[in-house]
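Here's the structure we're looking at; comments come further down.
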Amino acid sequence: MSMSNPLLNIQGLPPFSQIKPEHIRPAVEKLIQDCRNTIEQVLKQPHFTWENFILPLTETNDRLNRAWSPVSHLNSVKNSTELREAYQTCLPLLSEYSTWVGQHKGLYNAYLALKNSAEFADYSIAQKKAIENSLRDFELSGIGLSEEKQQRYGEIVARLSELNSQFSNNVLDATMGWEKLIENEAELAGLPESALQAAQQSAESKGLKGYRFTLEIPSYLPVMTYCENRALREEMYRAYATRASEQGPNAGKWDNSKVMEEILTLRVELAKLLGFNTYTELSLATKMAENPQQVLDFLDHLAERAKPQGEKELQELKGYCEKEFGVTELAPWDIGFYSEKQKQHLYAINDEELRPYFPENRVISGLFELIKRIFNIRAVERKGVDTWHKDVRFFDLIDENDQLRGSFYLDLYAREHKRGGAWMDDCIGRKRKLDGSIETPVAYLTCNFNAPIGNKPALFTHNEVTTLFHEFGHGIHHMLTQIDVSDVAGINGVPWDAVELPSQFMENWCWEEEALAFISGHYETGEPLPKEKLTQLLKAKNFQAAMFILRQLEFGIFDFRLHHTFDAEKTNQILDTLKSVKSQVAVIKGVDWARAPHSFSHIFAGGYAAGYYSYLWAEVLSADAYSRFEEEGIFNPITGKSFLDEILTRGGSEEPMELFKRFRGREPQLDALLRHKGIMN
């Protein structure tokens, strides 16, 4: 079997071109069985050490991860009916295996024996942390529960894994399930050339004439921002805001209503089973924040600081619309459009006119120049690597001693059958192997930008540049780690509310004149962003800053409060919670038929359940960390080395607050965030 199955015994990088749906389940079954056998085998030993117990377990789990990682990645970037089915059928197997491990008394006792052994005192910080985390995770997998309750735990976890996947599929299908063809260009007045060309290319790819629009962000956003045709904006908003729900043009077709209810009900049951009062308490058991009240207070405090300014920003927008356009009522599909007009009126700048200054190669070489200056790390493209699509590129990161530190796949463009958004995921983690050698980490960096059109290179908006830098921040956290214990290397073991620190930190340079000098360069002439455009860009940075942060707070408070108070007996709780949160924080009145929760994948299909607050929580850390660069010089290699050594290389081996204090010399303060966000005191 292993002869013909490329997922078995992967050495090095995944053989993407050889992986077929029929390989998936047999490989997963075989590898899970190997893992079970190894566990039973190592437990027969009379005495447990790191070498005879942890390392063999790490190796066999690694073989399973190495097969599953490319499969899970393909499910996100090259989704097909066959692949989806193969992926789905493995979820219960993986879930059952992970529950079996988490409730294995023998394994638990072996970890406990290690913790209580004489050798434990000599272990490294990372080794100790990995063992302590494992013991905590046993507790959170129900190791102490009765057999009956353990079985129920397993059922819940397996069902949740299925539901998360179903939620995600519904959103993808609903996004792909709506399109609009427009033949008359006159109906598209105001749309920038790049958006028209992309829509034309999209139509041609389907053998159609005219302009094809979809609900993918590169297609949807330009219409909402620039298109004069209000009816089209409303139609697209309606389709987008009701995806995967019982409302809108595809009402009921891919409806997530029941999926969400069941997810929330099961999460509450899971939390209570493990002895917590609410799912938020369970969520925080592995996070930096100490208790639910601390998170709610943090979010409420930020909302209080931002709301008056948000109201003022909206009044200014309304005043502008009335004065310039005689418009007195703003619907949700008008906000983006008129905000863009107001922004141009105030700052004479728009995202579109900056695109020519951010061609793909210039932006990427600028990003690499930055990490060379601050971290002394070089990025070098490696050709001939097997990938899942011809547009995917592959790079190595090399340090000042010519050591390979890590590598990554870069997949930048939106295409069909690829889930939306931008993300970093790990392909291979850093670890010390049984033979003593070090495995270097590999990451996937995925975005959804417009591909090159005609003979022009891909041209990014400034917002997309920031997104790329953000994901690259996650990437270097994973790739530059110096921890050899895989459970706490890179992003492993990093509390969820601290994981956004490096990513949000990297965004800062996208707003610095000295950095933009080499991140930008006109695709025809190579000249960097002209001074006056740069000045306007920086002035416009905090345009509607409070309205933006209030939108983030709306998501964060909704997620946390919903998980904090959800009660399966009550009906309509999801929409009622959203309504009450909106009345607390939102300045823009929504419409009753909008269904944002139904496509809120972060909390129903991603890892952000009762954790969406993490973005803002970590931004307090990242803004304050960056303020040290502002004080000492934004390319200061000494400050850079300190950030690399104290934070990036440490992975999850120590508590984030300790690492932060080591870098900053004190606890984090909120002021830098408010200043960066343009929230006035």
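Backbone N, Cα and C atoms are what each Cβ position is placed from, and that goes for glycine too.
The Zn(2+) binding site annotation in Swiss-Prot covers His470, His474, His477 and rests on sequence analysis. A helical conformation is recorded for His474 (Zn(2+) binding site) in the three-state DSSP classification.
Taken from Swiss-Prot, the feature active site applies to Glu471.
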*Across all protein chains in the structure, which of the binding-site residues His470, His477 has the highest Cβ count within 10 Å?*
His477
_As a test of the contact definition, list every same-chain residue at least 6 positions from Glu471 (active site) whose Cβ is closer than 8 Å to its Cβ._
Ala422, Trp423, Met424, Leu445, Thr446, Cys447, Ser503
*Within 8 Å of the centroid of the Cβ atoms of His470, His474, His477, which other residues of that chain place their own Cβ, given that this set defines the recorded Zn(2+) site?*
Met424, Glu471, Phe472, Gly473, Gly475, Ile476, His478, Val499, Glu500, Pro502, Ser503, Met506
